[in-house]
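J.: Below, the features straight out of TrEMBL:
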REGION    18-65  region 'Disordered'
COMPBIAS  18-31  compositional bias 'Polar residues'
REGION    84-104  region 'Disordered'
DOMAIN    104-292  domain 'DH'
DOMAIN    321-420  domain 'PH'
DOMAIN    460-520  domain 'FYVE-type'
DOMAIN    546-643  domain 'PH'
Amino acid sequence: MEQERKKLASVSSLVTVFENSRTSGAASSVSKLDAEHHHPGCRLPPPAEPWTEPDAEETLALGSEPRTVSRKYLNSLKNKLSSGAWRKSCQPGTHPGPGTQEPEEKRIVQELLETEKAYVARLHLLDQVFFQELLREARSSKAFPEDVVRLIFSNISSIYQFHAQFFLPELQRRLDDWTATPRIGDVIQKLAPFLKMYSEYVKNFERAAELLATWTDKSTLFQDVITRIQNSEASGSLTLQHHMLEPVQRIPRYELLLKEYLQKLPAQAPDRADAQKALDMIFSAAQHSNAAITEMERLQDLWEVYQRLGLEDDIVDPSNTLLREGPVLKISFRRSDPMERYLFLFNNMLLYCVPKVIQVGAHFQVRTRIDVAGMKVRELTDAEFPHSFLVSGKQRTLELQARSQEEMISWMQACQAAIDQIEKRNETFKAAVQGPEGDTQEQELQSEELGLRAPQWVRDKMVTMCMRCKEPFNALTRRRHHCRACGYVVCAKCSDYRAELKYDDNRPNRVCLHCYTFLTGSVLPEDKADRRQGILEKGSAAGSAQSLMCSFLHLVGDKWGKSGPRGWCVIPQDDPLVLYIYAAPQDVRAHTSIPLLGYQVTAGTQADPRVFQLHQSGQLYAFKAETEELRDRWVKAMERAASGWSPRGPNDGDLSD
């Protein structure tokens, strides 16, 4: 009974001192760093091999390059902790026969005690010598801030008091009384929960190493104090960075020894259940340390990304998560060749960047930030630019090309996952619009979206005439412009209007007459009213979407005059006896229409089997397809039209791809 009261008093005393140490001045600046990260999760296995000291090269490097080496070391630590081979259930080990040798389990407890004594001595050096000496120097000389010293040593005072005043004495008493009480599991169970305080130290470790290197170069007095202690006998000629690594690797050492202890215990040993429970609790403490390492690495990666982006104020946010980054090609609406660009996808935004030629400081210039909220992504069916996809956001719409089909799918999946996560968090989940495979590219926004999101701009080379008035473009008197509301390519006369667009912070933008009327509600002027549609004014895009056959064909011979070497040819479903020929796929008026009824179709010549002809009463038109297979399909479509055949249903007789 008396022994139980002593145990209760010991634990109660431990809690009191631990709480006092948490609020002491030495740890005040870091006491709240990691409270939010202490959450349950999967257990971490201990190292698959005995823990080793860092080699001399790594220790030396810590002093000169603390950020790189500490990160490398912590990655190595995580790899060791992630080894799953030893996480199997511990089986009873073999035991020596009767004799004078001590039980194996007691030998392991003795090893635990000896390593604990050495560890406490190292903690004493860190807390009572390095920490206190630097703190005194900071207070007296004012050569460096006290807060810097506290940040470097984090909560080392709490860790030292816990081990020196409670854990080590408890282990010593239990080993001294081993004959009467041959067990250790109950002691570790009582003290293991306090090991979770290591997560705060581990999380701060890399920042501490960086501060240590900075102020060693910055302050001579700071460096002198550290050098004097490092040269003392107590330091063992080891650097401060070497000593600071000890707490990072201590918990895995406990895991290894306790696992070995369990293996050596007899199957019916009274301490087996307590020891197994203690091992589980050690796992929990290791999980907190590993979570701290993961969070620290996430913040470090995020900071490096922000540095590459120039640390812009509206971008830097420690709560962001980088989901994906990489190069892409931007499909230009003016240039024929795509341009090199770089994307950073975060959980809440997509940054569209241009690599800098001279990478001093920032490596990229942010051109556009697109909010993930309201963003849409879908694949584009473009034979000229394979592996292309569309990202449409409130701020801008981008046509992008990946290097492969797999990369395109990966980007689309990453974007869609970010979109879904935002929608779920806002409790307004809506499936992203995904057009059916093979559908014609949707160029025009829904009328209710005009001005609310950036449109997809029609590329210049896809049209040869104004998409509103149908007049042909030229380099001098009728140049190309883009309506900022619908994305159409229009002439200056048809886009001589300005309207406020919400996606551009309600700034006035150039818009076409159609969008101006819709956005402002103004009455259409009589002199600019739409004239009656001509016989050739059947839109190519609309015709292609509902066509029996459509593709580019080379126009052979002098018959075509100035029409150009090739044309976009369409046989519409709603006009199946007429061939319309456009200069470009998005033109709204054909430059030629041929009624096919009564024409004869001749396929192939010896000179070029891809050529075929239409002829009737002295009229002769010659075409050349890209392949013989495409020629055969065109010949079949024209022969049916020439005979007067018409489709009975929407998909009847469709020969297009």
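Cβ atoms here come from the backbone N, Cα and C positions, even for glycine.
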J.: Do you know the DSSP helix, strand and coil residue counts for the domain 'PH' (546-643)?
T.: 18 helix, 42 strand, 38 coil
J.: Treating G and I as helix alongside H, and B as strand alongside E, what does DSSP give for the domain 'FYVE-type' (460-520) in helix, strand and coil?
T.: 14 helix, 16 strand, 31 coil
J.: By DSSP assignment, list the helix, strand and coil residue numbers for the domain 'PH' (321-420), in that order.
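T.: Split by secondary structure, the domain 'PH' (321-420) comes out as 16 helix, 46 strand, 38 coil.
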